[in-house]
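Report on one structure; see the data block that follows.
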Amino acid sequence: MNKYKLLTPGPLTTTSSVKEEMLLDRCTWDDEYKSITQKIRSQLLALAGADAAQYTAVLMQGSGTFAVESVMTSTISKEDKVLIVTNGAYGERLVKMAEYIGLHYTEYKLNYNEQPSENELRSRLQKDLRITHIAMVHCETTTGILNPLEMVSRLSKEYGKTLIIDAMSSFGGMEIDVQGLGIDYLISSANKCIQGVPGFGFVIAKMEKLALCEGIARSLSLDLYDQWKGMDKDGKWRYTSPTHVVAAFSKALDELDAEGGVSARFRRYRNNNRLLREKLARIGIHAYITEDKQSPIITTFLFPGEGFSFGQFYAYIKERGYVIYPGKLTDVDTFRIGNIGEIYEQDIEELCRIIEEYRGVIAQ
Ligand SMILES: *Cc1c(COP(=O)(O)O)cnc(C)c1O
């Protein structure tokens, strides 16, 4: 039994049945185990609205960042140049990766509460003809802002660029028509909206693009092309895979299906999120991102007034069964509340009741 529920953007609160899958030890060479990997790969393609003749799903050991880095290091060659859109820490992490790998890149840097603009993006693509790739985070988990996937995909197609989307915190919780949008590489991980446990990430990749990436990777273990070629044979991962995590993830995918798929999960998350924003606004706790740009995943809230102690607030809520998340902004004091995972309306109601109670206690 959990002592508290996680209101964080992953790892998040999972079901007991997902956790129970991890009670068995499995052999990586065994056909039964390898078939779990293959099942996961085809389920992921279905979630992405992607046809197996055009797209493939590649699983990669490590946390989500490893999967992002595997795309950055394996698919952008030294002749290429990537335009990186940033409005938060995860976008900035892409820049850091580009630095480490030694990629040619240019950054389209925005404030943390701003979305990229079509005119500006267009003008950058027109001015710099060396740009071959565009990389962007979909839901910037730093603030909870949602970036305009449709617009960026459209421009990427119009200018013939390769598009890399870090959809870590949104895939599975929001409908993303990867094939319809023409996204070339979409990255997410086991422990976010699909509600598995941490241990691997995955890439939904357009095969005609990935097929051209042999030999580009500057990292052996993160070589996405090699991982694909290995895994595609029979579901065997190149190196030891997180067997328990894989089994749990397979169960989590089935449970997503049983819930009614991504659209049902999206409705639950969006309902959680709206309720949270509304209820907290009523007691004077306001969101940093305006509603029109807010994702249904995680919300950043401004500290309500001077002398607010996050530590005390956190401890008070934790004692009563919920764990929230610190803020990640440097210029304003904030905290974050995630509403993904096994979290329902009654949890949000209860959390808001606890917060209101805390405000009352503090006011006395
Ligand atoms: C969670 C997350 C990641 C990956 O973080 P890890 O700690 O490596 O799992 C990357 N990008 C975004 C937008 C995320 O939310």
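Glycine too: its Cβ is placed from the backbone N, Cα and C atoms.
All annotation found in TrEMBL is predicted automatically rather than curated by experts.
Fair warning: this is a prediction, and the values are worked out from it, not measured in the lab.
Marked as substrate binding site by TrEMBL: Arg336. What TrEMBL lists as domain 'Aminotransferase class V' is 32-303. Annotation comment: TrEMBL describes Lys192 as N6-(pyridoxal phosphate)lysine.
In the three-state DSSP classification, the residue listed as 'substrate binding site' falls within a strand.
All protein chains shown were included, and the count of other CB atoms within 10 Å of the CB of the residue listed as 'N6-(pyridoxal phosphate)lysine' stands at 28. On the backbone, the CA of Arg336 (substrate binding site) and the CA of Lys192 (N6-(pyridoxal phosphate)lysine) stand 16 Å apart. Over all protein chains present, the Cβ of the residue listed as 'substrate binding site' has 22 other Cβ atoms lying within 10 Å.
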